[in-house]
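First up is the structure itself, then whatever we jot down about it.
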Amino acid sequence: MTMITDSLAVVLQRRDWENPGVTQLNRLAAHPPFASWRNSEEARTDRPSQQLRSLNGEWRFAWFPAPEAVPESWLECDLPDADTVVVPSNWQMHGYDAPIYTNVTYPITVNPPFVPAENPTGCYSLTFNIDESWLQEGQTRIIFDGVNSAFHLWCNGRWVGYGQDSRLPSEFDLSAFLHAGENRLAVMVLRWSDGSYLEDQDMWRMSGIFRDVSLLHKPTTQISDFQVTTRFNDDFSRAVLEAEVQMYGELRDELRVTVSLWQGETQVASGTAPFGGEIIDERGGYADRVTLRLNVENPELWSAEIPNLYRAVVELHTADGTLIEAEACDVGFREVRIENGLLLLNGKPLLIRGVNRHEHHPLHGQVMDEQTMVQDILLMKQNNFNAVRCSHYPNHPLWYTLCDRYGLYVVDEANIETHGMVPMNRLTDDPRWLPAMSERVTRMVQRDRNHPSVIIWSLGNESGHGANHDALYRWIKSVDPSRPVQYEGGGADTTATDIICPMYARVDEDQPFPAVPKWSIKKWLSLPGEMRPLILCEYAHAMGNSLGGFAKYWQAFRQYPRLQGGFVWDWVDQSLIKYDENGNPWSAYGGDFGDTPNDRQFCMNGLVFADRTPHPALTEAKHQQQFFQFRLSGRTIEVTSEYLFRHSDNEFLHWMVALDGKPLASGEVPLDVGPQGKQLIELPELPQPESAGQLWLTVRVVQPNATAWSEAGHISAWQQWRLAENLSVTLPSASHAIPQLTTSGTDFCIELGNKRWQFNRQSGFLSQMWIGDEKQLLTPLRDQFTRAPLDNDIGVSEATRIDPNAWVERWKAAGHYQAEAALLQCTADTLADAVLITTAHAWQHQGKTLFISRKTYRIDGHGEMVINVDVAVASDTPHPARIGLTCQLAQVSERVNWLGLGPQENYPDRLTAACFDRWDLPLSDMYTPYVFPSENGLRCGTRELNYGPHLWRGDFQFNISRYSQQQLMETSHRHLLHAEEGTWLNIDGFHMGIGGDDSWSPSVSAEFQLSAGRYHYQLVWCQK
């Protein structure tokens, strides 16, 4: 029977979800994850605890538009029309309500602490059984690892408590509410609460019980908290494991705590003590606490490179050894400190190869499973990442255990963001919001402080700088001086951060924003009195086809010791799967669910697609972050290791010399390089090529044996050098055939054997080619100066809010997309051994000339068409996206073969990872399926391209696919693209960079813009 005080009406009347002073009711204090083993061996080996029971699975669910619409009867029994949903899940992924994607703008009217009356509410219920043994002694808790955004809990019709902060556990004591046998839980989840104002992160806004739910049985007298810390002497040869243990329950003299440290099957150290803490002040110490210190000789240190772990088992027992319960955690012996302006791990300066990671799954929303977490970690390690920032909230508890074990440095970030507030620190400088902020910071620290992978605490993200930040910074430094604290808000270098941690600061360019200037990272280091390390909390915005200029950051990181790396934004595209009317899945972004407000495709900034398929940019990141660097001098290769702790015990260096992709010599040498060491490798006398071509030396570091995170044969690093070649000239063989020119009223036609070329005299374009009777072109060969806009070209521009500074808006305003060709010249001449076509076009818009393109086409007796192109660019038109040619080939071949940079997509400012070789790929692999279609698939540095019967030679860039630039530009989602007839070929003499320092302002560096007034390129086109 529901008591009056437990009634839904009474609970709703309090409106706890609109009171920033109420962040919880009856919630238990935060602590590390517990399992309450009753066998110390099971604790040591981390076996499943019999005292920990999952409640994940099918729950009954009913959705209402507001909490007031929930009937009182729901507390007692399931509603007749209730559905069944899986917990954990987001209810939006089950068709209830709509997910909302917004970056800065709050999804609700900003009126803190109040939320809309229309507040979608999910009512969950579960019937489960409890064994009598759990009720006879001890305490039964329920743990909700994550509920968004706030919830009330009832058990057997009685109100238990309230919780908010969607990214940390809410734990309640159910002991007084349970009875043996069948019990019923009722959980009312509200989509919006005052806590939503602190959760304005750039992500999908979803709701529900989206993390694990479990029951935990603890003894009446129990371990209520424990903290482990490692300390060292100067040379790390001796360590102390300090364990502070706190108990709850009857404090009896016979109680003891034993802490034992294990390395595998070996007990390294152990200590036992009664309760009674060290003296704190004149009143004494804590009677319910004890601190034990275990000495460890020559500890094996933990790092992301070598994640050595011990296991600490904490036993609560009586004096005669009777075990009451045991808790345990992995222990990594490591020290983090800042000294002389450097962030040090175990005395060595770190170089952070980091990435920001949202918890996102394309099918399950914000629900994370172990398989996906492990997949992310393996991909990060395989691509030379060593650090991850939990952006922008504490992650699933299992994530930290996996980072401990596989080896990743973690920035653990509080679930605080008020980006949409004006000013941004409106709440964070308001003392009424300090309790809510405090809970989010302190509970994160209390949950995660035993993880060695957590090396930095973060106070949150994009919330300005307020007095509350200063207070919480001081609290962390007081309770956990073993880790630095970072916080970007307020300018990235306030008193609330130990690390200068800007976002999207550029290498050499200042961004003098009012109040919070964003200096170049080089300048920041030299500001008067500034001696902190600089680690970019976000940089290299990887939205769509991006990450241009990434190499420039890494050049600076390696040049300036206090520039200690950064965290790329971000790891995974946040697209969600929807289904069309035929049941086919497609990738959706902001606005596709009818969600308003929305920020469209801005949710897709990942180095990997939502299904974890890599973007081409991931290879660039891997290459720039590689742990081996190479220098070539003569025939000597100098290999430098950037590992701080790891000796190269699983690496071979494979080298190969190739002429135009044909191997001439190769070899393999084992690497024997110590941490931060060097190895010189002398190559044998290299063979001299007998023919013309490009001679390249390629080195690759290969791991012959599988590791915990990679398969055997994994390539971890590589480099290429172009070698000097002998001068060699291959003269064309004489041809007795002479192409024949005929002229009609509309065309010039050239014929040679079974080949014909047709130039339209009115347009001046190559309008058709024949091989035998087969036409080769579906569209004429024309100049091309534009590209389907990248996200970086678009910036923040949209239909209702034009940004005139965005590249695409400049190109549109100047008429680049609408330019039409005015023919200035089209002549044909018969030479002694060839036919020469000469054309000139003025590309104009509204009477203004933007480009003048002059071409000659020389068709010789071998059937080769040599195209020379000279382009003049108007001085007052924006720098073009490309200078090249385009046509639609009639042929559709299965494969593309080219000699140039590859195999992955590459662009002028993102090509350091590409290698020069002869590549052969399916046509479908030449297209990169960005969810928001754009220019894609370029391959630079190309000397030869083979496709179907066609061969192109020169020095050019190309992309080739079934989609035109026009279709890419006009299509909003990749699943709406349709394969066009034939194949679209774009061959560029020059192509602008793609940028990527950020995606909302022009970020293509000057050296990668097409800023010259005149351009020339040459191309040879023939048929095989």
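Placed from the backbone N, Cα and C atoms, the Cβ positions cover glycine too.
Feature annotations, courtesy of Swiss-Prot:
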type     : residues                                              : note
ACT_SITE : E462                                                  : active site, proton donor
ACT_SITE : E538                                                  : active site, nucleophile
BINDING  : N103, D202, E462, E538, Y539, A540, H541, N605, W1000 : substrate binding site
BINDING  : D202, F602, N605                                      : Na(+) binding site
BINDING  : E417, H419, E462                                      : Mg(2+) 1 binding site
BINDING  : N598                                                  : Mg(2+) 2 binding site
SITE     : H358                                                  : site 'Transition state stabilizer'
SITE     : H392                                                  : site 'Transition state stabilizer'
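If you take the Cα of the residue listed as 'Mg(2+) 2 binding site' and the Cα of H358 (site 'Transition state stabilizer'), they are about 18 angstrom apart, rounded to a whole number. The two recorded residues, H358 (site 'Transition state stabilizer') and H392 (site 'Transition state stabilizer'), have Cα atoms 7 Å apart. For the recorded positions D202, E417, E462, the greatest number of Cβ atoms within 10 Å around a candidate Cβ is found at E417. In the three-state DSSP classification, the residue listed as 'active site, nucleophile' falls within a strand. Around the Cβ of H392 (site 'Transition state stabilizer'), a 10 Å sphere holds 25 further Cβ atoms from the protein chains shown.
H419 (Mg(2+) 1 binding site) sits 9 Å from D202 (Na(+) binding site), taking the CA atoms of both as reference points. For the pair F602 (Na(+) binding site) and H541 (substrate binding site), the Cα-Cα distance reads 11 Å.
In this structure, the recorded positions under consideration are H358, H419, H541, and the one with the smallest number of other Cβ atoms within 10 Å of its Cβ is H419. Checked against Y539 (substrate binding site), the recorded positions D202, H392, E417, E462, N605 differ in C-alpha distance, with N605 being the nearest.
Annotated pair E417 (Mg(2+) 1 binding site) and E462 (active site, proton donor), C-alpha to C-alpha distance, rounded: 6 Å. Most buried of the binding-site residues N103, N598, judged by other Cβ atoms within 10 Å, is N598.
Taking the Cβ of W1000 (substrate binding site) as reference, residues of its chain lying under 8 Å away and at least six apart in sequence are, in sequence order, G795, V796. In the three-state DSSP assignment, the secondary structure recorded for E417 (Mg(2+) 1 binding site) is strand. Looking only at Cα atoms, H541 (substrate binding site) sits nearest to N605 among the recorded positions D202, H392, E462, N605. Of the recorded residues, H392 (site 'Transition state stabilizer') and N103 (substrate binding site) place their C-alpha atoms 12 Å from one another.
Counting every protein chain shown, the Cβ of Y539 (substrate binding site) has 26 other Cβ atoms within 10 Å. Candidates N103, D202, E462, N605 (recorded positions) were compared with E538 (active site, nucleophile); none lies inside 10 Å Cα-Cα. A simple way to gauge crowding: the CB of F602 (Na(+) binding site) has 22 other CB atoms within 10 angstroms, across all the protein chains here.
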